[in-house]
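> My questions all concern the structure below.
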Amino acid sequence: MGGGNLHSLPPENASVSASYAVTVGNTKLSDAPVLFFVYCHKAFRAQLVELRRFATDAAEADSFSGDLAVELSRKFEFLKLVYKYHSAAEDEVIFLALDKRVKNIVSNYSLEHAGTDDLFTSIFHWLHVLEEEIGSRSDVLREVILCIGTIQSSICQHMLKEERQVFPLLIEKFSFREQASLVWQFICSVPVMVLEDFLPWMISHLSHEEKIEVENCIKDVAPNEDSLQQVISSWLLDDSQSSCGTPTEIMKGVQYVNVSKSLKKSPESHPSSGCFQRFWEWSKKSLSIPNVGRSPIHGLRLFQNAIEKDLRDIQEGLCQAKFQTLILDLDVLMARLNFLADVLVSYSNAFKKFFHPVLEEMTARRSSTAKQFNIDDCLENFQRLLYKSADDKTKTDNFLLQLQEELESLIIQVTKQFAIQRTEVFPIISKNCNHEMQKQLLYTSIHVLPLGLLKCVILWFSAHLSEEESQSILHFLSLEDSSPKKSFPRLLLQWLRFGYSGKTSVERFWKQLDVMFKVRCSCQKEHTEEASGSFSNQTQLQLCKVSKDVYPRKKDKSSTCFMSMDLAVGDMYETPYSSRMNQQMTFSGKLKPPLHLPDFFGEKNMDDPMIMDVKPIDLLFFFHKAMKMDLDYLVCGSTRLAADFRFLAEFQQRFHMIKFLYQIHSDAEDEIAFPALEAKGQLKNISHSFSIDHELETKHFDKVSFILNEMSELNMLVSTINTTAADHDRKMKYERLCLSLREICKSMHKLLSEHIQHEETELWGLFRNCFSIEEQEKIIGCMLGRISGEILQDMIPWLMESLTSDEQLAAMSLWRQATRKTMFVEWLTEWYNGHVLQEEAGEANNDPFGDSDPLEIVWKYLFEASADGEKGSMRSSLLKLPKTNFTGIMNQPPPNYKVEVGKKEEKDLERSESKKICRGSNQEGDKEQTDKMSQKVSQFGPSKKYEQLLTMSEEELVVVIKKISCDSSLDPQKKDYIKQNLLMSRWNISQRTYNLEPSSLSSNMETVHGQHPSYRDPHSLIFGCNHYKRNCKLLAPCCDKLFTCIRCHDEEADHSVDRKQITKMMCMKCLLIQPIGANCSNTSCKSSMGKYFCKICKLYDDERKIYHCPYCNLCRVGKGLGIDYFHCMKCNACMSRTLVEHVCREKCLEDNCPICHEYIFTSSSPVKALPCGHLMHSTCFQEYTCSHYTCPVCSKSLGDMQVYFKMLDALLAEEKMPDEYSNKTQVILCNDCGRKGNAPYHWLYHKCTTCGSYNSRLL
């Protein structure tokens, strides 16, 4: 109901599900551990397909209820969670490592990660509407399915791009050990509660063979520590029940605890895993268990004391760090601060997820203490300041003072929070929860920490415990039996014992932390200095170097990567974690520094290009604005099509224009703008991601074209069939096509909008800052030089329609500036004036009959087609004409304009007969009069038959107009049209008679010189001349003569004709002189004057491929700009696309040939471009090079003359100079390299000592 199956789309080149296998080649996971993330991609794809099928099946079965909406919402919650951790791992682990080796690759992918939150927000909104049963359920279901499709297309395209570009580079640039360390760092950076659900969920979507590969991969990348390996195996191999839920349970929907209805009103307190539900259910059962020993919640007091003590120690250390003697300890202090910030963030999360809802339940929401737990704002500000510590330059006295102030503020907030918890929270929990429930609460809270951070916390915490306190914690962990698996508690117990044993001192612990955070800082600094051109990249290799350089591993890559004998259990290098990854998850990217947008934006709106100094490259982003508006049009138009199929033709026409213009823009960026940007040294690879976007987005356009074609065919069928069962089926198919179209248009809107936004964010400033004004003009000129005049006639109005008046002025100013050395303004003026006149004429005419002759319409209505029942009855009463067929009149041969004209008595006779017919007199002779009139009409032609309208009196006109008004066969628009043209018929006939006067006079002499056909091939009777094949002649206004073409005129006359002044032509079939046009205006002729017609150049041709260049403002022979030619804006010349790389010389065509002195710009002869940049005719070049090898203008060599120069060397070697000249030298200037030098004396040949050329002259 309302959902329906989406219509089948055109087949792809390769299935998306198998794309990962194609993009990364035949590499196996056992050879490249980093492909673990590609297997995650496969799980995401499978999950999205499953969710889409779930929604569509429920919609088709009309079984979509509020409960199903809740279930689907929970599935998407889990998908959002694991995808965000996956994205954070790529941003903060994979991408940073890759950017260390290959610059400018990953920044765009990080931007794409940031755009996924909006996708999930939209689907959650519509699922909530569906759950609350707001509005029409069918409409909401459609929106849900559309949102799922948008999420699917966006995420899948992003993953496909990564598989095509990022992962092949990771495999190429990183060794097996380095890849393994990156995968393990990701696993150690994910909270345990998420990891326990994520790994079983992931492998549940893989085949049996792939599942085994993933299991072996994770075991290989993990350290060879028995307890840790057992934990990993328990997460992977048990597919019946994990500690935090099975994959099956997850996909059925993670059931949050139904503690009270109030929890639903506080979604921020909901965990994203099933741990919370099982904790609560277990804790309810454990209330009856008696309390034994000390309260487990006392351990949190110890934990808080350790945090406060370390914060105070660091505060004292910072006070001493401003002295130069202790500045070396600052790095260790900063590492300790980063670690404690991570601990506080995890501690705060645990309270929000577990302690907060428990406390609210116990106090029946009467306590306000729960709301005082949040110190996120303070932590966020503090961690943002810690980011500045990555650059050593910021560690000045001012920075230290600011850090001390923030730390003091943090200590105050933390102390207050801990005090509230000790006095209000812990007593309530101790009073209302038995020891077993407290143990479960603490144990479950541990799962909030990532595995790597958890180990660091246990080692750090154990160093702060006394012997009695340590024994208490050890006893707590040894008695832990709430979990169905014992491996994880045993691992925690092992880590705690190691820390308590003292094998890892506090000093060593802090040094190891210092190494982890110091590597990050140095990488960030190096990246800032070396790759400042990329906005959002920050690089690090946290573990790769450390693990490779410090700790040896087995050489066999298929074996375990770590050797337990070489690594102590307590070393943190075993379990590295990325604190940035969890910070990104916790604070949703708020800690990241803002993108390095171009300086010209300042504090103003970056969407408004008029706030800045406009530069040539901004023309691209004016185009972006127009494209974004058209994307909105596609979304709105696809929605409208479901209700109005008549809108299909307009939508299809607009879509094809958008597709065509987008393809032109994308090709220009890929082939011109992006290569120019990457040619800058430090910006290599920065645009490849956008080129992949262009390729993939083309497929979306093709899908829309495919659907629109099917809708067009279906629309014709629907419109011609009555309401039947077949018609109903077609209607349902049309609705499904509309839904598919809406989905793709929404996906395109999302993908292209983000693509454009990322281009502007990442590349706009680079184009503006890295290129000078001249270089930007060259880039824009190269892009515009590929666009033909016909496309510009569509593009310019389309672009101007989307811009404000100020933006229009700016855009056209940039356009004119980039083309200032060409004739573009002249072409624009001529085209625009004609375009406006044509539009005004069209608006004024508003012809409901199309382009038909208005007099012909009136004539046919009054005097012809009497076989028509309704119209014939009216005409019989008006004109008393019998039912005579005049349909063959317009097909008669062209009349002979030299006879039957000028005979006054016959004209008078015809007029009198017409009057009698119109007045209805002499009814008995109607047939004879009609036959006689038809004969006269066939002799006089169309222009004379209309003169019968001149004989109608005013009374007759009134009668005719009343009858027209009563004619039910005409719609109101046609009635007004016929009445208006009937009233204007006298003026129209007089004007037409005046225009035809020169060709209508009867004379044995030609009225206009040349008013006769001319033939290109007299034997085959092919019209034209030696220059062109065409069916018309041009009337030269300068001498009032007809010539076949302008070149014929210039050859015969002693002057040149101005093509702009030519306004009339003569059709060589009917010899009618008429205004310039593509076809003959004679209604009995209407012949085409030529396959090619240029209104600007007044050029007709019927055999060659010709195009009008808007920058030359001339017609050129060729297929067109962007096909086989382009226009160089500096040279102001159309050149073959093979000459993209050439020597530019300003307006080189606007000169005479140096040999024959003909003006090259308007010459029709082929032109040869010389290496020096000068031009000459090809025929002149062939003749000239028979005796010369230097340019006649600049004297440079016309080519590679090394063979000739070697011949001269051999010739001079055989010559013997007289003794008096043997030691003499001459000063020469080389014409090729332009350098001066000394050459041995010779009467003719002088060799340049620099380049070896003999093309030189004496000074």
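Glycine is treated like the rest: Cβ placed from N, Cα and C.
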> Swiss-Prot has CYS1094, CYS1097, CYS1115 binding Zn(2+) 4. Which one of HIS1108, HIS1127 is in the same site?
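Given CYS1094, CYS1097, CYS1115 bind Zn(2+) 4 in Swiss-Prot, the matching entry from HIS1108, HIS1127 is HIS1108.
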> Including all protein chains shown, what's the count of other C-beta atoms within 10 A of the C-beta of HIS1027 (Zn(2+) 1 binding site)?
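Total other Cβ atoms inside 10 Å, all chains included: 15.
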> When the Cα of HIS1142 (Zn(2+) 6 binding site) is compared with the Cα of each of the recorded positions GLU90, CYS1025, CYS1038, CYS1097, CYS1134, which one is closest?
CYS1134
> Kindly report the helix/strand/coil residue split of the zinc finger (1153-1195) according to DSSP, in that order.
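The counts are 7 helix, 8 strand, 28 coil.
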> Tally every other Cβ atom lying within 10 Å of the Cβ atom of CYS1115 (Zn(2+) 4 binding site).
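Around CYS1115 (Zn(2+) 4 binding site), other Cβ atoms within 10 Å: 18.
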> Round to the nearest Å and give the CA-to-CA distance linking CYS1038 (Zn(2+) 2 binding site) with CYS1048 (Zn(2+) 1 binding site).
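Taking the Cα atoms only, CYS1038 (Zn(2+) 2 binding site) lies 14 Å from CYS1048 (Zn(2+) 1 binding site).
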> Long-range same-chain neighbours of HIS1049 (Zn(2+) 2 binding site), Cβ under 8 Å, sequence gap at least 6?
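The answer is LEU1034, ALA1036, CYS1039, LYS1041, PHE1043, SER1056, VAL1057.
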> Provide the three-state secondary structure of HIS1127 (Zn(2+) 5 binding site) computed with DSSP.
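Looking at the DSSP assignment, HIS1127 (Zn(2+) 5 binding site) belongs to a strand.
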> Provide, as an integer number of angstrom, the distance between the C-alpha atoms of CYS1094 (Zn(2+) 4 binding site) and CYS1144 (Zn(2+) 6 binding site).
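Distance (Cα to Cα, whole Å): 29 Å.
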> So which other residues, same chain and not among CYS1038, CYS1039, HIS1049, HIS1055, have a Cβ within 8 Å of the centroid of the Cβ atoms at the Zn(2+) 2 site?
ALA1036, LYS1041, ALA1053, SER1056, VAL1057
> Looking only at the zinc finger (1089-1152), how are its residues distributed among DSSP helix, strand and coil?
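Across the zinc finger (1089-1152), DSSP assigns the residues as follows: 3 helix, 24 strand, 37 coil.
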> Identify, in sequence order, the residues in the chain of CYS1134 (Zn(2+) 5 binding site) that are 6 or more apart from it along the sequence and have a CB within less than 8 Å of its CB; answer 'none' if there are none.
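Sequence-distant Cβ neighbours: CYS1109, TYR1111, CYS1112, ARG1116, GLY1118, LEU1121, TYR1125, PHE1126, HIS1127.
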> Say you check the Cα of CYS1045 (Zn(2+) 1 binding site) against those of the binding-site residues CYS1080, CYS1085, CYS1131, CYS1144; which is nearest?
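Of the binding-site residues CYS1080, CYS1085, CYS1131, CYS1144, CYS1080 has its Cα closest to that of CYS1045 (Zn(2+) 1 binding site).
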